[in-house]
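Some features that Swiss-Prot has for this protein:
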BINDING   Gly118, Thr119, Asn120, Gly121, Lys122, Thr123, Thr124  ATP binding site
Amino acid sequence: MKHIQKYQGKKVLVLGLGKSGYETAKLLYRLGAQVTVNDGKDVSQTEQYRELTEMGITVIGGHHPLSLLEHTTLIVKNPGIPYTLSLIEQAQTMNIPIITEVELAYEITESSILGITGTNGKTTVTSLIGDMFKAHEHAGLLCGNIGFVASKVAQNAGAHDTLVMELSSFQLMGIQEFRPHIALITNIYSAHLDYHGNQQNYIDAKMQITKNQTSEDYLIFNDKQRTLLQNYNIKSKVVYFSTDEKVEGAYIDQNKVYFYDEFIIDVKDIVLPGVHNLENVLASIAAAKLAGIDNIHICDTLKTFEGIKHRLQFVTETDGVKYYNDSKATNTLATSFALDSFHQPTHWLAGGLDRGNGFEELDTHIDHVKHMYIFGETTEKLTAFAAQHHIPYTICKDVTDAVLKTASYVERGEVVLLSPACASWDQYPTYEVRGEHFISQVKLI
């Protein structure tokens, strides 16, 4: 860890006492900052509150008083807090810098950074690359949006390690000097319009991952979307991946995977299910090769890696019915991949937070959907979608209720699929919690 001096004696406001806010506050305190933590909820009964106040850190919960901005030189914002918060808007008029904690991770780390973002596939790719590193000479440390606070992991990472960092658009909006040696963008489609306001703002946020890169760095990019790069001043070397074309990078030719002209593995030896996952595999191979991982470690991983929890996860088979948990599908593209993975009659559980999106992108993916079980804020939109396509549907209270109601309709040889196409935050704190509710109820059948 680099012991930087820039925060010594500076007044820093940490917005949000979640996992990242807690670790950020402790780090800034150790770096000599005068730290105040603010959360919109009453946090006075939490263990984090007790620990931070015992350290001498001020913690204010329940509201966001504008007086907190007096003499503040920096705000470290929880990525989920919108920029429309009045405190943030006032800070912007005062030209107070606003960052997310991944910027702090970059400032203190001695490690190389491999940053991964994208609308879909980023968690799978991050996990896959992490597994490829496990047998490698140097450590690949997972952090960021995948659940391990980046600034905490960075404190213990050495100069020969690599931070394999999953990055959301929310996190990338709050970077200033952050520079990954290898940046990987899986794809960019419509998402998070409630947060970003419009599609262009969302694309711009994703492309932030490239803004400080130089000609010494790499950008791994989906060949299907290469025209997006025309609107940005990309200084890094671009390496493409494609399932359809021979490209400068990772590609498939006659069911064999290549990196440039080097053979890596036969497609038949890759165990990760789903045609869409071939793009994730190619992106991961490109990153691993650029990071210096040997082919044997890459191939060993691809022959054993079956996927991640809550992403097309097989839960169980009961009375001839197979149950799949795809709670991580928080947008229509991810759900289209899930629906396309099955040909059997499918009972589809869908719904959640209304981000302003429609569901018309799923029009061509639902021929085999036998029944829909709809819950959450998007109930009205999804019932209209079901009616338009003449799909029988049942309105449910939540995921647990939806699983219970499938029993009235499902038959042997069919599939029950939770693939919500929506974020979870209207009813569940995370997609993981939503998925666990599904799993728990399925196991009671």
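The backbone N, Cα and C atoms fix where each Cβ goes, glycine too.
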Long-range Cβ environment of Asn120 (ATP binding site), under 8 Å and at least 6 residues apart: Thr186, Asn187, Tyr189, His276, Asn331, Leu333, Ala334, Phe337
Cβ-centroid neighbours of ATP site Gly118, Thr119, Asn120, Gly121, Lys122, Thr123, Thr124, 8 Å, sequence order: Ile116, Val125, Thr186, Asn187, Asn280
Secondary structure of Lys122 (ATP binding site) (DSSP, helix/strand/coil): helix
Cβ neighbours of Thr123 (ATP binding site) where a neighbour is any other Cβ within 10 Å: 22
